[in-house]
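*Asks:* From TrEMBL, here are the annotated features:
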- C:27-528: domain 'Cytochrome oxidase subunit I profile' (DOMAIN)
- C:26-46: transmembrane segment (TRANSMEM)
- C:58-85: transmembrane segment (TRANSMEM)
- C:140-165: transmembrane segment (TRANSMEM)
- C:177-201: transmembrane segment (TRANSMEM)
- C:233-252: transmembrane segment (TRANSMEM)
- C:264-281: transmembrane segment (TRANSMEM)
- C:296-320: transmembrane segment (TRANSMEM)
- C:341-363: transmembrane segment (TRANSMEM)
- C:383-403: transmembrane segment (TRANSMEM)
- C:423-443: transmembrane segment (TRANSMEM)
- C:463-488: transmembrane segment (TRANSMEM)
- C:529-549: transmembrane segment (TRANSMEM)
């Protein structure tokens, strides 16, 4: 019984029953399959994070974002006063999170790639692109870079899904994806 | 303890290395703390401090 | 000097000092389960869109308290009781340094109270994770630190008891498998607490103003060494309970000591690496670190879990077949005592933990797959599948045996006890499934209002997400009622239970004393366990299908590189 010491003094040498040996073998194979799926996807999959990141002071990141917004502003999002920015395909695109908004609104072209920079001005935020359901952790002081290629057009929302205080549930941004 | 029969066939002989290891709580405690400290924490902290400053 | 009493049910000599500590820790655990559970019901009633009970500030406060009280306080107090039980009582020895045990109890209680006060004062609604730079009141961190130091003292008492039992030769050969499982939990606990100290002590000084800044990435990596490993303590402790219950109810022997202990060794070596599950979409950390850590080093800890998944039900099958339930694949399962809450809780815990907690945990801990669920409601869905229907249910099953035995009292509501595991298990199991469903549709966790009524910009979640949230709320309340019935039964039994009539013959006691019903079969003569093997294959099939379905889902989202 498992609540008493093993009955045999040397239990390590006891043979293991067949179905248990078979299960160990099957489980080990499955473990290895799951392990190698991750490097495999880095080679053959299209959804990988680059892990490219830089330390950056929040005011520097804000300045870069504002410069981009001023340069490529094409309008405003409804009556919110938030600029809609359409940077050229392939360029560096910035979006910042702060209490409690994602800024600015981006307009991207379907099928084009952009170097997207994400960072927070204050607390932790969660970049959750809906309805795609792409979720990233956004830190203050770190510039997270990834190359994104929208594969569908329409209006997408950026919901905050890292708790950031009392206004957390009002923190929503937008990305528009347009056909060429 | 009637079921504890140390004269049982196959019970003799020396204790195998793996059984000795599994019978040593303090060695297990050491490796159980050392493994994640090195692989998770120390390696992880090294990753963080090696993040470059933005150009 | 240590004094002992003989347990009339089991024949164990029980050290009175250990007895008292086990009781106080277990009772305190149940009280905090009540407090945390009530906060949980408030959370469920708020996230149920049609009810939306609390205001935003109270919601975030209740959520913080819910996480702390059940995830940390209830579980760790109960684990302290288990550590003392599996060391002192199973090894038939006195508890080493009972005074240190009382230091453990006092520190943990004072710590838990201080943190609860901090949360209820309203200035510390920072969630269980308390990510910097959002700052809580200093005593919030202080309470958690005191609690952790107390738990560390409990581990010291446990290891010292192992040491004196070996020195005094109170047992022959190796420690029992259940004690080995508890030791695995204690080892993981030591790492957990050390990681917590490394990050929370500086955070405490930061909240006092002595330290200017805490790096957010550093905080998250080290904090999760505490946050996730603390849940791995539960896994090890809960599996030790599974083995204990199989032994107590059926006299079941492990199929193979070697396989079960090696599976625990995989936990000792690799389980804590899974703290990396939380860092998969953070900036700047290499894929090499992520892949090696998130996979627990080539999924060897998952291999360990899959072994326990076979050997625990396998031990039950072997024991019941030995008793003559030998027809077909599943006669042993049909004839099992489904009306006994100890068995029902145990069986549901094994199945629900595997299917709801285990499979989803591995899926979401895959480097790239994490992108499509990170911080959505899928995450709480997953851990209600592990820590609620896995650990909490296993501990409830254990309590249905332990409380009447230790207090020598009859259960006050045996009829309710019969139904309670099903009500709690199915309610919380469904809540877990619906949360995961909502998370798959993108619903964020820790979020007061997914209709964004006060927001400048609005996102419309699909109607199915609202339906899932409603169903999760209803199921959560049903599960909460199930939890309430457990607490009612335990508290009433301890306070008003009738004294137990000593069993007339030892054979009739559920846990027959040494030698009595213990079945004699070693690995060599072990009966085959075809029924369990078939069930294991069903589990594997579900696992493989679900895993690859999620890769397919990932392949459909925007390209990222």
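Glycine residues also receive a Cβ, built from the backbone N, Cα and C atoms like all the rest.
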*Asks:* Hey, does the transmembrane segment (C:296-320) touch the transmembrane segment (C:529-549), meaning at least 3 C-beta pairs closer than 8 angstroms, sequence gap 6 or more?
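*Replies:* In this chain the transmembrane segment (C:529-549) contacts the transmembrane segment (C:296-320) - 3 or more Cβ pairs sit under 8 Å.
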*Asks:* Near the transmembrane segment (C:296-320), which residues from the same chain, at least 6 beyond its ends, have a CB less than 8 A from one of its CBs?
*Replies:* 235, 239, 242-243, 246-247, 249-256, 259-260, 262-267, 269-271, 273-274, 332-333, 335-336, 350, 354, 358, 362, 519, 521, 526-527, 529, 531-533, 535-536, 539-540
*Asks:* With an 8 Å cut-off on Cβ pairs and a sequence gap of 6 or more, do the transmembrane segment (C:177-201) and the transmembrane segment (C:58-85) reach 3 or more such pairs?
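*Replies:* When sequence-distant Cβ pairs are counted, the transmembrane segment (C:58-85) touches the transmembrane segment (C:177-201), since at least 3 lie under 8 Å.
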*Asks:* Take the C-beta pairs under 8 A between the transmembrane segment (C:264-281) and each of C:26-46, C:233-252, C:341-363. Which stretch has the highest count?
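*Replies:* Result: C:233-252.
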*Asks:* Restricting to the same chain and to residues at least six past its boundaries, which positions have a Cβ under 8 Å from a Cβ of the transmembrane segment (C:423-443)?
*Replies:* 44, 344-345, 348-349, 352, 356-357, 360, 373, 376-382, 384-385, 388-389, 393, 396, 450, 461-462, 464-465, 468-469, 471-472, 475-483, 485-486
*Asks:* Which range out of C:26-46, C:233-252, C:341-363, C:383-403 gives the transmembrane segment (C:463-488) the most CB pairs under 8 Å?
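*Replies:* Comparing C:26-46, C:233-252, C:341-363, C:383-403 against the transmembrane segment (C:463-488), the winner is C:26-46.
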*Asks:* Check for me, if you would, whether the transmembrane segment (C:26-46) reaches the transmembrane segment (C:383-403) - at least 3 Cβ pairs under 8 Å, residues 6 or more apart in sequence.
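*Replies:* Output yes: the transmembrane segment (C:26-46) sits against the transmembrane segment (C:383-403).
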*Asks:* Residues sitting near the transmembrane segment (C:383-403): Cβ under 8 Å, six or more positions beyond its termini, same chain?
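*Replies:* Counting only partners 6 or more residues beyond its ends, the transmembrane segment (C:383-403) has Cβ contacts under 8 Å with 26, 30, 33, 70-71, 74-75, 78, 81-82, 85, 231, 234-235, 237-238, 241-242, 244-245, 248, 341-346, 348-349, 352-353, 355-358, 360-361, 409, 411, 417, 420-421, 424-425, 428-429, 431-432, 435-436, 479, 483, 486, 490, 493-494, 510-511.
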